[in-house]
């Protein structure tokens, strides 16, 4: 301090700390963050678009990511149906073709969110039940058994599709979602990601030398290298996934050609080698999927009921995925009418899948929603352009088979990141409710835990033939119950909605975040809803207002 004219030093100012009761909580440790409805680090939201070259590259990336689920389902079930490699290639082409149609339906007429529709694992138990029913019968050839199985799946999908059509277009599902609150959405969206853990590291572990480097490289390239090379920040952030896939796929091809797996176990060869899918040699050069390609559908009541349970499950899974997609696309939570509209269209899509002969129905792709968060780009146009790649590679089979031969552990490594992003997005909805309410903590904790624990019990007690732990004289009843309770989002919705609306619900409305939530439940409740979810003008003119 400077001296005065009398050469006396000025005494230092005395800082008086406020009483502990007046100091705001956490003031000594750092700032607190106010709730925000939109993620500020998004570079492109639902109706803003990157440049056309970037759009096409990002769309191709979405195609690659969604391809994994289709390949896993076809590789798992087609051989058990009696199909050969050519049949597997045709099933992949059909499911890819139907995914493109359903994605366009949803992005133009459905939720209009940037969500890719892909093959659903919810149909696993009904599929195994049909396969098991024909496994002991005598056929002239394995190919005939495959065709009969596919025809039965076709018939079951056609009938069960009317479940989603009814609950969607009657607005029953949308009215049910009006009972949701942020306390329900948190566990539902969380288990949409966490409930798929079996497709993460357990699948990666089938070939650690490929899967683990993919996971590590993806984290380093996408998160750390962009800090080291600021000029390449956006390139690495948006396209590191494609770069890592190319590098690890080439590495796997080198290991295959070098004979690293010549003496390995058969499962290791299937997971690690790049030449074990036999898709490129068996896929046709050009083939357009067409209605009833496997023959006349077979309708059996015992199998239809199981498919109906799976249809309900896809509604629950897609609902949770839509809320995650809205958050990552910078949109408001989808209104109840929009959810109903999308579920009804999902039923229409399932009807088309039954007609065209897909192996399973579709659901909103969790991994592609995670990709929105990974790239920070939630553009609707990008997802719509990705359908062009789906159509192209589903028709020109040899080219599609090339990318379908990517080893599955590479996809599993990608899932570890993308499913985790979706699960974390679910947690962000908690900011709109009272985090310090023990009542909310109880509902959230029980819904989240049971949403993971109950399906794990059902899955671990299901036989390889698809017979679940619920076993009564009515096989149709068993299939419905086992299918529903094997789904994490479905269990979370049931438990969360029941608890949140019965446990001191009336007096806890403010703690539940209903004041923030309710305006988004109707199209006109928030001015931004119309901006994000209105149909294209020319289409809206021809749709009766009661369906909007």
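Cβ from N, Cα, C; glycine included.
TrEMBL entries are annotated by machine, without manual review.
Since this is a predicted model, take the numbers as computed values, not measurements.
Which of 179-198, 279-298, 299-318 counts as transmembrane segment depends on TrEMBL, and there it is 179-198.
TrEMBL assigns the feature transmembrane segment to one of the listed ranges (60-79, 80-99, 320-339), namely 60-79. Segment annotation: TrEMBL labels transmembrane segment over residues 410-429 (candidates 350-369, 410-429).
Long-range contacts of the transmembrane segment (480-499) within its own chain (CB-CB distance under 8 A, at least 6 residues past either end) are made by residues 122, 124-126, 176, 179-180, 183-184, 187-188, 190-192, 194-196, 305-306, 308-310, 312-313, 316-317, 319-320, 442-444, 446-448, 450-452, 454-455, 458-459, 462, 468-470. Within the same chain, residues 183-184, 186-188, 190-191, 194-195, 198, 430, 468-469, 482, 485-489, 491-492, 495-496, 499-500, 503 sit at least 6 positions outside the transmembrane segment (441-460) and bring their C-beta atoms closer than 8 Å to a C-beta of that stretch. When Cβ-Cβ distances below 8 Å are used as the criterion, the transmembrane segment (115-134) is approached by residues 62, 65-66, 69-70, 73, 77, 80-81, 95, 99, 102-103, 105-107, 145, 148-149, 152-153, 156, 302-303, 306-307, 309-310, 313-314, 317, 321-322, 325, 346, 349, 358-365, 368-369, 383, 386, 462, 464-468, 475, 479, 482-483, 486-487 of the same chain, each at least six residues removed from its ends. The transmembrane segment (210-227) shares more Cβ pairs under 8 Å with 239-261 than with any other stretch in the list 179-198, 239-261, 382-404, 410-429. The stretch in 179-198, 239-261, 382-404 that contributes the largest number of Cβ pairs under 8 Å to the transmembrane segment (410-429) is 179-198.
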